[in-house]
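Notes follow the structure.
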Amino acid sequence: MSFDIAKYPTLALVDSPQELRLLPKESLPKLCDELRRYLLDSVSRSSGHFASGLGTVELTVALHYVYNTPFDQLIWDVGHQAYPHKILTGRRDKIGTIRQKGGLHPFPWRGESEYDVLSVGHSSTSISAGIGIAVAAEKEGKNRRTVCVIGDGAITAGMAFEAMNHAGDIRPDMLVVLNDNEMSISENVGALNNHLAQLLSGKLYSSLREGGKKVFSGVPPIKELLKRTEEHIKGMVVPGTLFEELGFNYIGPVDGHDVLGLITTLKNMRDLKGPQFLHIMTKKGRGYEPAEKDPITFHAVPKFDPSSGCLPKSSGGLPSYSKIFGDWLCETAAKDSKLMAITPAMREGSGMVEFSRKFPDRYFDVAIAEQHAVTFAAGLAIGGYKPIVAIYSTFLQRAYDQVLHDVAIQKLPVLFAIDRAGIVGADGQTHQGAFDLSYLRCIPEMVIMTPSDENECRQMLYTGYHYNDGPSAVRYPRGNAVGVELTPLEKLPIGKGIVKRRGEKLAILNFGTLMPEAAKVAESLNATLVDMRFVKPLDEALILEMAASHEALITIEENAIMGGAGSGVNEVLMAHRKPVPVLNIGLPDFFIPQGTQEEMRAELGLDAAGMEAKIKAWLA
């Protein structure tokens, strides 16, 4: 989409923070209105994360207006809310390409812009990185400032509190901005807090506060009285006690949609020493009523008509694998009162909405706390229940020690339903499910299953749920199932694959949902096709049978080749001294960028044509 200067006359003057800082303050509310409309126009045409960015327009403008970015370093947590930041930092005309192959990255990305200080995608990393950056800036000695912006969801994670605890100890000069869009702010309380925030962040108050502490530092009763008086003044209107106890100077909450008020407060706080904490209240989806009413639905959107206020309805085609999981979960819970389901803030994405409504006493959303989710499941298992952890592949990485130490070593029957395994598409490097087979395969006592279709997925979930000798995992992809018939549930024999097609010379050992493409290749090359089903334990007898009756083996998986299922096949053959040529097909040794799943599979040679070409080139 070409930029319409007539439609956005103020935004047309701003293609960088330097140009932003040339504008008079009085024009900034108009700039915010235009920026919000441009974001709506752009994302509705291209798709992308939507509601979060609408809520951070004023904050983004205020931060770049007050701070000398990129010299001063601005760090965004997660990055869903950073679209306005991208628009104001030289990427305005490319915002329509965001999340597309070869387009702007969906999150702040160091390789894309000098204004993107930290590459992000996973939550709760900003404060830890910000402390390191602030310490480095202090040693540099050039008065470079550090600001971290974190949301009310991300700040609930343990890593954020670990970082704040450390900041309170070493006291770097930095600002943490909490973008809180969970609660509404009433006009009266908001006005009082805005006034108080500007007072408490001002130089006079700060000087009196620090000077008073120095004067009375040797008089404990008076020092304690001053501290309590300050706390009572703040406590009348602010909920910042926790952050003060962690060692931060807390200001807020303030109206995050008052751009001029934010600028005043940020200017006052800019030169304060030590860790500062600014709590702002915003509304997710601000300025677009449908998104304000339903920010979860409008969190990430496909292309849509903004005048309709509705997102396009699903075509009613095949169910997603997440839906297959959710249906199985409800079906099983209705029969077994011991079932408990856990998710780290992924209710909608993991297909658990219906379960949460039907079985609220057995549904646990632990927020963005993957480590806690896994060890909580371990505790439930110890207590005699049957926990299921529904989690994205990329987020399970954050709880690796808990899987190993708290579940596997104790042989606890926890079932991991691993969604978004393999290539996920538009969210790029930080969200691809490329590594779960590699990092789980080396854990003793773990059973790992890779369904080739939705019926296999149900059978494997059932098998894992009834496996009581240790943990199990079923990994399945983002996207729709393939349309096979669903058969009655029954336990699969652990560690056994099945031959789907008999051929000659070549045997293709497939792990997972690339099976339809693998079947095309097998047909074209007249190869034997095996659905291996289990990555751990591997069907060693079947592998050795295939090695004995074929000239070469091909392994196929949508996981990193290094350490993946194919590596396991290689290990079996070497352990039995079978010098059979093996070609491992899977994800290469680099972080997979954004693009649709179809685009990336084609580029990586994981569609039928690409696999066949790789095999023919290898055999030549």
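Just so you know, glycine gets a Cβ as well, placed from its N, Cα and C.
What Swiss-Prot records for HIS80, GLY121, HIS122, SER123, GLY153, ALA154, ASN181, TYR288, GLU370 is thiamine diphosphate binding site, and it gives sequence analysis as the kind of evidence. For ASN181 (thiamine diphosphate binding site), the count of additional Cβ atoms within 10 Å of its Cβ stands at 22 [all protein chains shown].
For ASP152, ASN181, the entry in Swiss-Prot reads Mg(2+) binding site. Neighbour list (ASP152 (Mg(2+) binding site), Cβ cut-off 8 Å, at least 6 residues apart, same chain): LEU178, ASN179, ASP180, ASN181, GLU182.
In sequence order, VAL78, THR394, PHE395, ARG398, THR430 are the residues near HIS122 (thiamine diphosphate binding site), counting only same-chain partners six or more apart with C-beta under 8 A. Farthest C-alpha pair in the thiamine diphosphate-binding residues HIS80, GLY121, HIS122, SER123, GLY153, ALA154, ASN181, TYR288, GLU370: 32 Å apart. Around HIS80 (thiamine diphosphate binding site), a 10 Å sphere centred on its CB holds 26 further CB atoms from the protein chains shown. Within 10 Å of the Cβ of GLY153 (thiamine diphosphate binding site) there are 20 other Cβ atoms, across all protein chains. Secondary structure at GLU370 (thiamine diphosphate binding site), taken from DSSP and collapsed to helix, strand or coil, is helix.
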